[in-house]
Amino acid sequence: MSHFITPENIERLKQAQEADRVQLDYTQPIQKEVPKDAAVAGGDSQIGTVGCVAVDSEGNLATATSTGGIVNKMVGRIGDTPIIGAGTYANHLCAVSATGRGEAIIRGTIARDVAAVMEFKGLSLKEAAAYAMDRVPRGNAGLIAVSSTGEVAMLFNTTGMFRACATEDGYSEISIWDSPTE
């Protein structure tokens, strides 16, 4: 837990408290009093998804993704999380969970694309994940993935993405911002 208590996150908390607003992750707080006809940049939140990917000792794969939702969403809007292949996907090659702007993730079917590129182009998980993420407009998505052999990929094209990884050989990583290995 202490890995996520950073000066930047403490400052975001102070800003949100001063604005008397509830916000998720990287959304900038909105002023208390906003004129009705004023446009408010960054007022909705696209961050908040929780995803998990796993592989067991026999190479069986699983993924789970739970949406964080969007503030003030259009009535009836369905995001990427419940759409298999868009925000979540697993097969015999890999398991993928995505986060970000649902519309961009749905258009790119990024979770399924990672598996398809591995299968049809013969790319590694990291290469396939990079290929899928390159097709999503910058600032719109991130993903975590694991292959049946235990290769891990955690890529994003946003400011940051809360993520963690642990392997049976003792390796662990907990990060928010860009990593030199990504």
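Cβ atoms are placed via backbone N, Cα and C, with glycine included.
If you look up TrEMBL, you'll see Thr49 marked as active site, nucleophile.
Among the features that TrEMBL reports, substrate binding site is placed at Arg77, Ile78, Gly79, Asp80, Thr99, Gly100, Arg101, Gly102.
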Between Gly102 (substrate binding site) and Thr49 (active site, nucleophile), the C-alpha gap once rounded to whole angstrom: 10
Sparsest-packed of the listed binding-site residues (Gly79, Gly100, Gly102) - C-beta count within 10 angstroms: Gly79
